[in-house]
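K.L.:
Positions annotated as nucleoside 3',5'-cyclic phosphate 2 binding site by Swiss-Prot: 333-451. Positions annotated as 3',5'-cyclic AMP 2 binding site by Swiss-Prot, on the basis of similarity to another entry: Glu399, Arg408. What Swiss-Prot records for 75-84 is compositional bias 'Polar residues'. Summarising the annotation, Swiss-Prot assigns phosphoserine to Ser173 and lists similarity to another entry as the type of evidence. Marked as region 'Dimerization and phosphorylation' by Swiss-Prot on the basis of sequence analysis: 28-212. Positions annotated as region 'Disordered' by Swiss-Prot: 74-163.
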Amino acid sequence: MTDNQYATEELNQLQKELVAKNPIDVLQFCANYFNSKLELQRSQLWQQQNKAKAAGINLFPSIDNVFNSDGGAIMTTNKRQPSFKSPFGDNDPTSIDHHHDDDPKEAPGASKQQNKAELFKGGFGVGKSTPSKPLQELDPNDPSHSASQDTDAAPPVPKSKIPVAFNANRRTSVSAEAMNPNKFKSDSWKPPINDLTAAQKVELSKTLGSNFLFRQLDVSSKKTVIEALGKKEFKNGDEIIKQGDEGDYFYIIEKGTVDFYVNGNQVNSSGEGSSFGELALMYNSPRAATAVAASDTGVTCWALDRQTFRRILLERTFNRRLMYEDFLKDVKVLSSLSSQERSKLADALSTEIYHKGDKIVKEGEQGENFYFIESGSCQVSKDGKGVLTKLSKGDYFGEVALLNDLPRQATVEALDTVIVATLGKSGFSRLLGPAVDILKSQDPTANQGSSN
């Protein structure tokens, strides 16, 4: 399988996962997806380490064994955690420099012979056109490796710069370009504003509402996206995007049909209201397919530029995380969560607004969400028992139906304008962690005093 085919297969699989899971935080979901794929691949390679060594193949070019001062006993500090050659180490300012100032530039007597059958090489040095050299391994039979009798001298260890949280020895995959959300409020960036009719804005709003990337945008962000969309016309047979090119626009089809080709073979077609081109913008990866206008009368698309696309999605995610992290700190039932767990929970929450008299949950209905009250007040009532209690900011409801897979045990009604943060059933047990046990211990079902 070629690199392009491999990338296309990975991106197609990711697209299926995105459609199936419909995550609130798309960026976090995709990062977790590729991290889990990497972890699985590395685990499989590690299991083949002994067989590979027997065949003369070095899956992990590294220095696994460093001899102690006796020259015979092997130090096992890195035996299970081999030191990997970083493809970015020479130019990465975040690298950790694993050497002492008085270390020699090279390990004395280090073998000059390169591995003959390396599967993975660090040849992606940033800012360089020449591949970086693989790590040299110490020759255990070389007497020059014996440490000096001087106890002040440290054993010779080659320099190895490893970026923080770097996973080495695999092909590089998609990666998002660096953007710092903290600078958003201080820079001078302004989104483009195009002259659209009221009818066009309404139609585009409907289209964005059905797209998983923009579904959770607030009113202001959605307005910015709509006004930034520019109309582009293509004749029959025109290439809208080309496989392997850098992504510059995200497209929504207004009129006509677009055919998609991978390595010259047609793989799909899309019509009015469909969108394409988002993955290359999100992850700074090459276009996975070629899109060709396939209507005799031409194709009309709405296009969103790369910077606005990434800026809106990233800024929104960043601001939501900050807002929800502050809010979740004040929710007592979540006090057992770590800051990292709260951050993950914050990314999964979505906001819903209800007005006075609205029924947020109804007794007898199937429960699908767990709710935290951000602002406003609600009353909890049950058939035959009337109003049971009132809830306000920081209170929660909806847990009983999810904990016990039961219908809603009560009705929750908004007493004024209420803003709630919601968490779906799939994320309830996955993200609440130890808080689930606390919720179970407080389950009011047995006492018939349930609030949901």
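Note that the numbers count up from 1, one per residue, in the order the chain is shown.
Every residue gets a Cβ built from N, Cα and C, even glycine.
Give me the lay of the land around each of these features.
P.N.:
Note on Arg408 (nucleoside 3',5'-cyclic phosphate 2 binding site): other Cβ atoms within 10 Å of its Cβ, all shown chains, come to 21.
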K.L.:
With H, G and I counted as helix, E and B as strand and the rest as coil, say where DSSP puts Lys393 (nucleoside 3',5'-cyclic phosphate 2 binding site).
P.N.:
coil
K.L.:
Need the DSSP three-state call for Arg408 (nucleoside 3',5'-cyclic phosphate 2 binding site) to compare against my parser.
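P.N.:
Note: Arg408 (nucleoside 3',5'-cyclic phosphate 2 binding site) is coil by DSSP, not helix or strand.
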K.L.:
Looking at the binding-site residues Glu363, Glu399, which one has the fewest other Cβ atoms within 10 Å of its own Cβ?
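P.N.:
Candidates: the binding-site residues Glu363, Glu399. Fewest Cβ atoms within 10 Å: Glu363.
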K.L.:
Tell me which of the binding-site residues Ala348, Cys378 sits in the most Cβ-dense spot, judged by other Cβ atoms within 10 Å.
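P.N.:
When each Cβ's neighbours within 10 Å are tallied, Cys378 tops the list.
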K.L.:
I'd like to know the mean pLDDT over the region 'Dimerization and phosphorylation' (28-212).
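P.N.:
Taking every residue of the region 'Dimerization and phosphorylation' (28-212) together, the mean pLDDT is 53.
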K.L.:
Given the binding-site residues Glu363, Cys378, Leu423, state which is nearest to Glu399 (3',5'-cyclic AMP 2 binding site) when distance is taken between Cα atoms.
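P.N.:
Sorting the binding-site residues by distance from Glu399 (3',5'-cyclic AMP 2 binding site), the top entry is Leu423.
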